[in-house]
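Chemist: The following block contains the structure, expressed as structure tokens.
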Amino acid sequence: MAVNVRDYIAENYGLFINGEFVKGSSDETIEVTNPATGETLSHITRAKDKDVDHAVKVAQEAFESWSLTSKSERAQMLRDIGDKLMAQKDKIAMIETLNNGKPIRETTAIDIPFAARHFHYFASVIETEEGTVNDIDKDTMSIVRHEPIGVVGAVVAWNFPMLLAAWKIAPAIAAGNTIVIQPSSSTPLSLLEVAKIFQEVLPNGVVNILTGKGSESGNAIFNHDGVDKLSFTGSTDVGYQVAEAAAKHLVPATLELGGKSANIILDDANLDLAVEGIQLGILFNQGEVCSAGSRLLVHEKIYDQLVPRLQEAFSNIKVGDPQDEATQMGSQTGKDQLDKIQSYIDAAKESDAQILAGGHRLTENGLDKGFFFEPTLIAVPDNHHKLAQEEIFGPVLTVIKVKDDQEAIDIANDSEYGLAGGVFSQNITRALNIAKAVRTGRIWINTYNQVPEGAPFGGYKKSGIGRETYKGALSNYQQVKNIYIDTSNALKGLY
């Protein structure tokens with residue numbers, strides 16, 4: 001299937017600052033390609049420090065009036081954004097598929113609808129938020145107000161470009177902040193097109209979108225004196241740099257980082273449900289998911305039943321053209337990611353690991369122009385193996401046999417990460433006990449990789465700081481002000 005790219009994507013994009021697309025301070029551009037075909041999709045502006053200065057100044061000026069708008073006004077605008085996203089769902093989903101390589105069935109059903117739902121959700125959250133009043137005694141009253149912080153500086157990863165942007169933009173502007181956000185230089189196109197919706201709905205300067213290299217303009221955003229709050233989704237290595245910038249400037253930061261999550265299959269699991277959940281955990285979005293269930297811990301009593309079923313299921317996955325609605329797995333997002341995956345396959349071959357399924361790049365039937373990789377299942381002897389400890393970020397699943405629930409818990413916790421995990425069991429008490437014992441921010445029971453609004457998402461340990469996607473996330477973008485009132489008119493007599 002082929003589409004006319006220009007029906008969806010412009011040949012060039014400027015920076016979106018103060019409600020319009022503008023030229024950058026430099027003529028430098030970055031080529032944006034389709035990872036499934038190698039074709040050039042567009043060229044984006046390579047922002048420089050001067051452009052960051054401009055965007056932050058505009059956001060500061062817009063904050064003065066935006067922060068004073070009523071909650072109901074902001075809520076209505078967020079709803080309008082969500083409605084317009086859904087009205088253009090098919091177009092934006094195709095842009096996401098063209099630019100990211102993920103299947104159209106995923107972008108149509110998940111990426112864009114869930115982005116829209118986050119705008120609707122935070123419209124309701126801000127509209128129903130209430131302050132508090134505490135009568136400390138008969139003459140004193142304490143009022144608690146939640147006020148916006150100011151200018152938010154955000155950078156999002158390349159694996160869910162539009163959805164991750166919505167996770168940050170929706171609560172930030174709902175709370176009354178303005179934002180300067182930068183998508184990945186490899187997958188910026190969906191957010192740039194959605195800028196046209198912001199242009200229709202929001203006052204100028206509330207949302208500003210820069211494009212460029214993370215090490216250049218992204219770093220400049222995080223280290224700008226005019227930015228009052230940082231928000232980042234990406235690797236743990238870069239997360240450290242963002243945390244350092246936040247500490248240096250004494251501003252708060254929300255960090256959603258890497259993971260190496262354990263998916264635990266107990267001996268009483270519904271195996272049909274487990275096989276589907278395992279695939280959801282590691283094959284969804286080609287395994288390019290921070291919460292991927294990339295360590296499979298299988299009870300020894302069912303290991304010999306489950307593994308052959310997984311081998312068959314993995315071999316039947318349709319990997320191919322992301323625009324084909326029958327495709328279940330598309331292209332990895334780029335050559336660097338493909339090479340990284342291959343390096344782990346090579347490490348497996350040189351060790352005592354056993355490749356049970358997959359393990360190869362796919363190049364037949366026209367796939368040689370993209371970065372397609374087979375669903376891969378690898379048995380490792382224990383959790384200390386390189387493949388069980390390091391985040392691969394691809395459709396590569398390591399499987400480890402466990403003897404009981406406690407060993408599963410111990411192995412699940414034997415990781416520097418703590419983002420997510422799963423438990424499959426028909427005994428809810430048993431599953432809950434494991435869920436409580438595993439030190440991660442999210443545990444799915446009898447499903448995996450569900451990311452709805454209204455449920456907090458974020459990690460323990462080196463997987464991040466803070467939570468997103470639920471009403472408590474609004475507080476990430478607010479400051480608390482206390483107004484303390486003395487109504488007694490009485491002197492205290494101390495001076």
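Here the Cβ of each residue, glycine as well, is placed from N, Cα and C on the backbone.
This is the feature table in Swiss-Prot:
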- Gly212, Lys213, Gly214, Ser215, Glu216, Ser217, Gly218: NAD(+) binding site (BINDING)
- Glu256: active site (ACT_SITE)
- Cys290: active site (ACT_SITE)
Chemist: Quick one: of Ser215, Ser217, which of the binding-site residues has the smallest count of other CB atoms within 10 A?
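Modeler: Selected from the binding-site residues Ser215, Ser217 on minimum Cβ neighbours within 10 Å: Ser215.
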Chemist: Measure the Cβ-based neighbour count of Gly214 (NAD(+) binding site), defined as the other Cβ atoms within 10 Å of its Cβ.
Modeler: 21
Chemist: In the structure shown, which of the recorded positions Glu216, Glu256 has the fewest Cβ neighbours within 10 Å?
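Modeler: Lowest Cβ count within 10 Å among the recorded positions (Glu216, Glu256) is Glu216.
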Chemist: To test your reading of the NAD(+) site: which residues beyond Gly212, Lys213, Gly214, Ser215, Glu216, Ser217, Gly218, same chain only, put their Cβ within 8 Å of the Cβ centroid of those residues?
Modeler: Ala47, Gln182, Ser185, Asn219, Ala220
Chemist: Going by DSSP, is Cys290 (active site) part of a helix, a strand, or coil?
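Modeler: Reduced to three states, the DSSP call for Cys290 (active site) is coil.
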Chemist: To see if you understand the setup: which same-chain residues, six or more apart in sequence, place their Cβ under 8 Å from that of Cys290 (active site)?
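Modeler: Listed in sequence order: Ala157, Asn159, Thr233, Glu256, Leu257, Gly258, Gly259, Leu419, Ser463.
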